[in-house]
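So the structure is just underneath, and the comments pick up after that.
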Amino acid sequence: MSNKNQRKTKSKDREVRKTNDSSILSKASVEKCGYPGFTVGHSYYQPFIQKSPRRSPSVNRGYWTRCMAIRFAVYQFLKNKTGKRKAIVNLGAGYDPLAFQLLSSHEYNTDDVVFYDVDYPETIENRVQMIRSDSFLSSIVLEDKEFDLDGTEIHTKNYHSFGCNLNLLNQLESCLEKYGIDYCNDAILFISEVAAVYMPRQASEKLIRWMSKFPDAHSCFFEQIAPATFDHPFANVMVKHFKEWGTPLHGLYAYPTIESLKSRWVKNGWEYVEILDVCTFWNFLMDSKLKHLCEMVEPFDEWEEFYFFLQHYSIQHASSKLVGKYDLVESPDPCMQYIRYVKSEIIFNNSPLTLRNSIYSLKRTDLPACLKELPSLRLPAVCDLDDSVIVQGGLSTAGRSKDAYLISEKDDGSIMKITTDSLTSCMGQSVVSIDKKTCMFIGGRESPKKILSSCIYFADGNWSDFPSLPYASHRASSVSIKHNGSSYVVLLAGKPFGGCLIWSDSKRKWNTLKCKDPLFYSRWGACLHWSSKLKKGILCGGMNELNEPVREVLEWEMVLRDDDHFEIVTRVLNFDVQVEILLSRIGSKVVFFGDDSKPIIVGGAAVFRTILWEEESVCINMNDYSVTGVCIEETEKRPVFTMFGISGMGNHLQIFGGGCICFSFGSCLNENATFYKLVSA
């Protein structure tokens, strides 16, 4: 290799090592916050860092889930009773203390397990110095004092840490054998936690092929994926982030989906393969007690962003031979994004639905000049009035907003600021139109800890306070209903307490609305619609009180009982499971154009799999419950349909604000407004 190429390679290696530093800081934040599964008292991360910044709740939860996913995969390997000695080889270990956490764990007996941490020689030398300088970590592995005399490596009975470039497979094989691995008789687990993904395609394939030649080898690779193409806003920001760091994700470009990752392992010699996204791990494999404890650590409401993160990472497990193989997923569920391959045959593959296109399509139109003064907001409240749209609250780049804007639909449009002192700087409030000139703003939150119960009326251009809810509410869903000439508002109260409430416009008070179905009253972030034409409604998406996805789609009606009180009566609609998956979203919005028996569901964050662009907008025909796609014109910069407000006026669909923070990679914020025109497909 020329001197120029050597310098280039060393420069790339340094950039990859920087990602290790960032990862350890984030995991240290998880530990410091007290997330479950991280020992209180002794820090496993502090010896490797000079500072301990606190990350955002979204980043903390993401890294905690990543750690739990790796541990889950390792535990399945340790539980697999083969009678053999086990070896766990962490390829690109960096400063990760996984081996120390497992060696000091009382959950599993690691007496017959030997750990090998492998990385660049410079990284390992620093790692060894840090371990030796910390009495807690050194006490775990250095009790027998059998370490390398020159101080650059550690070699003890059950732990080895040594430097080796993963491209030098002959050297790696020789070192592992030298330090005790018996390739013929040991069960070996190779871990790569966002490490091999930085290797060029040919190099990573050589590594995987080399691993497969051992008779009882297994893998746990944790890597990025792009399930909805690289044009998806989250994937786009993620890829750009790593490229700017000088660490392009070569493995992601070559194998962007779980289907392509399956092929990667199969063609390189593995007889048993399981590939799943981390969303599947979170929804189906993560211990529910751990998730409950996680909720108690710090306030959290970034669910859309969290699900984007979960759906853009994969867990790859493979066994070189069927003899000795074990499962990560024992009983596959149709909602899982999961593939299982067993020697020449795909046993489980959850293929997405192919939507039939609707008679509608949405064509991008120019934004009225007057809207340039409207800020870009996340989670604003948006409501249609007779010939205008009102936008209130939300989160701007300057913080939470209390401002309200009245946007006229007449002529070329106009915008007027109509903020009043009674409004609160908040986001996530529910808003419902009572009639053509009246709407109600309900609840919302100032922060994840400060939830509101206020109700504010806007009628004929004037604001007024109304009786508050019986309890605080945000992430709620609401609809207006007419019955015998009277107006009512039905509210699914959302977080934090749930339940159903009903507002009578004539009595001007809230009451509990009776409903016996927890699939209805316990949801938050759901899409609620009422058809005045059919005198029935539909409910889809959302999460329950345990923050678990609800996939059942309900039809609901309002029944007036003898005691002059309404009751919600529901039935589960018999949709194909792939339709249920498609409609399982949080934060989606509903509009209709003329015929309210054909609501259009727009956007939201899917809770089982990433929504493809052609699936962002779907029409549910409540007459026969057929579901069709509504094609949205794709532009160079795709908006992200989460945390937005929506208006459907005439034949125009108007998206206000929206966007998301893309984990620790950056943000993707929409323009202040995006307009579409409904046309025949």
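Any Cβ shown, glycine's included, is placed from N, Cα and C.
Summarising the annotation, Swiss-Prot assigns region 'Disordered' to 1-21. Annotation source Swiss-Prot lists compositional bias 'Basic residues' at 1-11. Residues or ranges marked as S-adenosyl-L-methionine binding site in Swiss-Prot: Arg66, Gly92, Asp119, Asn165, Leu166, Glu193.
Reduced to three states, the DSSP call for Arg66 (S-adenosyl-L-methionine binding site) is helix. Looking at Asp119, Glu193, the binding-site residues in this record, the fewest other C-beta atoms within 10 angstroms of the C-beta turn up around Glu193. Reduced to three states, the DSSP call for Glu193 (S-adenosyl-L-methionine binding site) is strand. DSSP assigns Gly92 (S-adenosyl-L-methionine binding site) to coil, not to a helix or a strand. Fewest other C-beta atoms within 10 Å: among the binding-site residues Arg66, Gly92, Asn165, Leu166, that description fits Asn165. Secondary structure from DSSP puts Asp119 (S-adenosyl-L-methionine binding site) in a beta strand.
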